[in-house]
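Take a look at the structure below.
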Amino acid sequence: MAKNIKTNKKPQQVNKKEMSKQHAKQIKQQLNETVATGIIDGVFVYTEALSIADFANQIGKSVAEILKYFFAQGLMLNQNVVLSEEQMAELALEFGFDFRKEESLTKENFFEALDASEEDKPEDLEHRAPIVTIMGHVDHGKTTLLDSIKNTNVVGGEAGGITQAIGAYQVKNKDGKKITFIDTPGHEAFSEMRSRGANVTDIVILIVAADDGVMPQTEEAIDHAKLANVPIIVFINKCDKPGADPERVKAELMKYEIVAEEYGGDIPFVQGSAKQKIGLDQLEETILLIAEMQDYKANPNKLAKGVVIEAHLDKAKGPVASILVKEGTLDIRDMIIAGTTYGNIKHMEDETNKKVLKAGPSKPVVVYGLNEVPSAGDKFIVMNDEKMARTIAEAQAEKKLAAERQSNQIFSLDSIKKHIDDGELKAINLIVKADTQGSVEALKGSLTKIDIPGVKLNIIRASVGTITLSDVTLASTVTDGIVLIYGFNVRPDAVVRKKAEEEGIEIRLHNIIYKVIEELEDAAKGMLDPEYKEVVTGSAEIRATFKHSDIGTIGGFHITDGSIERKSKVRIIRNGIVIYTGELATLKHLKDDIKEAKINSEGGLTIKNFNDIKEGDIVEGYKEEEVKK
């Protein structure tokens, strides 16, 4: 069995230099260690997922026996299919073997393997400050709440208070208890870190304005908070304003399964005003109560590990990174690996611009000395061996590059049947956006009735509105199975389409509910009709309208993007909602018929069987091309 990496052997008796030396030595041993696999004393031992051919070889069975087993379950597989850990365990038991996974450390799986291998002794753990993230709709008071908390409680009571925008802050209440707040630009950044495996936060505060209620970004924040699977506190803000209605907010949140304790739920609610600093004490008490119940602990007496919160390149100081220590203690002059970067910590300071020499669990600091700028969400670990740090960082960079090259090679709708048969697909995750709440509810009701044997169908978001960057960001955080975004009478703009393509997220657009259901069911059965890719050729803004007695309403247009051809299919978009899809009847420049209108050109158009075109409408031209399989 591979040895666990221990960095906490009697830390009180081992100095930092000796601990670092031992740590580097143990990692070197593990990197060079070959773990014995196969059948050992009647136990199937493995380190990673295996193909059917490799698995059969390791347990001394024929490929035919393995394939026969799956065939009896209705799965037609081949010897190159890579088995999941659950399938290997199932097969091991079927053939009379127990099973055990051994961790094997490599330069490529360095951070993941360390996370899995290190376990602290209970007696080495000490309580740490809870780490809190505030999320909510724009203008509901997130920034004001953070500012009020920072200005009310400053660690150590330093004059001047918190001055640095480092992405995280630690405050101390009147009883001396500390809380760390993560200040991300939005829930997209929060989820981006989570998608990289960096589970940064312990608690999410959902802020909702009492005079505004649940808004679109509130819904998005709820989705992200639930996916993070951490306790949620609701802070109803602006209770001092005219029109404030906290009870309405509580009622609205019930639709999202956010139910207050007073109504039989398990979500604590706090009412107040961030601007007037009302309710802040109760909010902090609630955070600390949850922290006490959850019993957040870490071992401070080991080499530090943590997460990069944000980073940038300073022209004078070089790469600068804001990091959060999750466990252990970071010392100045430590060498760290942070994702694909490494370097000695030459200088370290906190949110008050004060130089610090050490940073323990839950402490955010700014560090200088890395060779390059790391990415938000990168994990870091102390590695006081420069040669090894450089080697591991380079391997991480190669791994990242390979992942980027394959980012578009994900499961597509057309390949669902094959991946189900191969046993590679366990979940289909859907984000559903529609033009009305009625459409949303109808789609949810129909989708939940779909039954695909062996595959779980999850609706991770269903809401009214156009397809946004937030939807694509949420989709990119999903790691289990495939994710599809469905638009019902709504569609993405050019920026969102491009982002989805970059992330390898498939967007499907429909205007008939049963077509969505049929498409998913047929995909599971491998019966999809030829797939047509929609290519948007251009967009035009209607800037004026004219009535004509013979041909109806003429839309005076300006081409804002690409071009629109006379033969193009078009859709009319009003306030982000598709209100009509059809064909052009006429396309003119002055009095002349034209075949195409290019970017920045102007003219007049009419739509077949549609006479309700209005100023401000967007006319989007598109064509359909069959996707070559």
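Using the three backbone atoms N, Cα and C, a Cβ is placed for every residue, glycine included.
These come from Swiss-Prot:
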BINDING   136-143, 183-187, 237-240  GTP binding site
DOMAIN    127-297  domain 'tr-type G'
REGION    1-20  region 'Disordered'
REGION    136-143  region 'G1'
REGION    183-186  region 'G3'
REGION    237-240  region 'G4'
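Sequence features, as recorded in Swiss-Prot, placed on the structure.
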residue : record           : CB count, 10 Å
Gly136  : GTP binding site : 28
Asp139  : GTP binding site : 13
Lys142  : GTP binding site : 23
Cys239  : GTP binding site : 21
Tally of residues which DSSP labels helix, strand or coil - the region 'G4' (237-240): 0 helix, 1 strand, 3 coil
Long-range environment of the region 'G4' (237-240) - Cβ separation under 8 angstroms, sequence gap at least 6: 140-141, 144-145, 207-212, 246, 271-276, 278-279
Three-state composition of the region 'G1' (136-143), taking helix and strand from DSSP: 2 helix, 1 strand, 5 coil
